[in-house]
Amino acid sequence: MATVVRSWRVAEYLLGVCLSMAFMANASHGHSSGGSSDSAVPTSANAPLRGFEKTIIVHGIMSTVAFLLVLPAGIYLARFTRTFNNKWYTGHWIIQGVLGGLTVVIGVGLGFLADNQVPEERESPHKDIGKVILFLYFAQCALGAFIHFVKIRFRWGRPPQNYFHAILGLLIVGLSVYQIWLGFAREWPGATGRPNLSSAYTIAWLTWSIALVVLYAGGLTLLPRQWRQERTSKNSNASTNASALPTQYAPVHLDDQAWQYRESIELKGH
Ligand code: HEM
Ligand code: HEM
């Protein structure tokens, strides 16, 4: 009997410790209540904006600028100009890595801040997907840099990592399109208790998303030209004294180094 009572006291003590830890974690997180409910107090559409709502708005705008404007701009720059000049790569990494980095970090960072300020603690797909997108963005930058700096010769044409980078890039933007819809259509009313936003937001979002797809599809018509250039470049490479080649050169994407080489070959009349 004494053992049972002692075990109960220990269990009671441990439960108490857990509850106080959960309470402290919750308090430091800035939320007023625990759980994963979606119970924001209903608020009228024209009530003045509260502090956390302003954070959410800036988060929404910055994230949309990052993922629907800046990153697509870097992608289109590559798609539309890579077969015409040798500067596309410089523009691509500056837009994607520097401009994209700034807007992504500020935009998504404000999402975490907003989450900290929102009075009700909520769980949502938007929050989970947001973290995945952030991770994929950094992975994509690392992969892009890897492709550029580590030229791996691949005997069957373009190396898989080049395809992977392009596909992952499109996937990130595609996922962000959905994430942005979740943001304004689900998170905003869920976190603020305000009514759904007007359908103008959905129309603008849909129009822009369709335009992004149509524009990229248009750019894909340049693929045959790109493959022809890459074949020419590769053949010239094969028929030239290997010791004369830049050591790290692999004709997989025509960035600055590859273009210089291609031009030098053309000047030599190959
Ligand atoms: C691709 C664009 C976006 C990304 C990557 C993104 C990412 C995130 C992340 C990472 C969080 C915090 C998650 C956490 O603390 O666990 C968050 C919170 C939030 N986001 Fe976004 N977001 C995006 C666009 C938007 C848009 C357009 C809106 C519309 C207003 C929005 C509304 C919200 C709201 C209301 C929260 C706070 C949710 C809460 O704590 O209850 N987001 N977002
Ligand atoms: C500093 C960061 C980055 C670097 C150094 C980089 C580098 C590169 C390189 C070397 C290529 C040529 C690959 C090839 O097709 O052979 C490329 C293409 C591409 N990159 Fe990036 N990249 C970066 C960030 C990003 C990001 C963040 C995205 C999108 C979220 C992205 C999307 C793409 C796409 C879609 C292509 C293929 C374009 C096309 O030809 O249609 N990149 N990038």
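We count from 1, first residue shown onward.
Using the three backbone atoms N, Cα and C, a Cβ is placed for every residue, glycine included.
Annotation comment: TrEMBL describes 10-226 as domain 'Cytochrome b561'.
Taking Cβ pairs closer than 8 Å, the transmembrane segment (56-78) reaches residues 49, 88-89, 91-92, 95-96, 99-100, 103-104, 106-108, 110-111, 113-114, 118, 133, 169-170, 172-173, 176-177, 179-180, 183-184, 187-188, 191-192, 208-209, 212, 215-216, 219 in its own chain, all 6 or more past its ends. The transmembrane segment annotation in TrEMBL covers 56-78 (among others).
Sequence annotations record features per position, and here TrEMBL assigns transmembrane segment to 90-112 (among others). Cβ atoms under 8 Å from those of the transmembrane segment (90-112) belong to residues 55, 58-59, 61-67, 70-71, 73-74, 77-78, 81, 130, 133-134, 137, 140-141, 144-145, 148, 256 of the same chain, restricted to positions at least 6 beyond its ends.
Summarising the annotation, TrEMBL assigns transmembrane segment to 132-150 (among others). For the transmembrane segment (132-150), the list of distant contacts is 67, 89, 92-93, 96-97, 100-101, 104, 108, 159, 161-162, 164-165, 168-169, 171-172, 175-176, 179, 252-253, 255: same-chain residues at least six beyond its ends, Cβ to Cβ under 8 Å.
Here TrEMBL flags 162-182 (among others) as transmembrane segment.
According to TrEMBL, the feature transmembrane segment maps to 202-223 (among others). For the transmembrane segment (202-223), the list of distant contacts is 68, 72, 75-76, 79-80, 82-83, 170, 173, 177, 180-181, 184-185: same-chain residues at least six beyond its ends, Cβ to Cβ under 8 Å.
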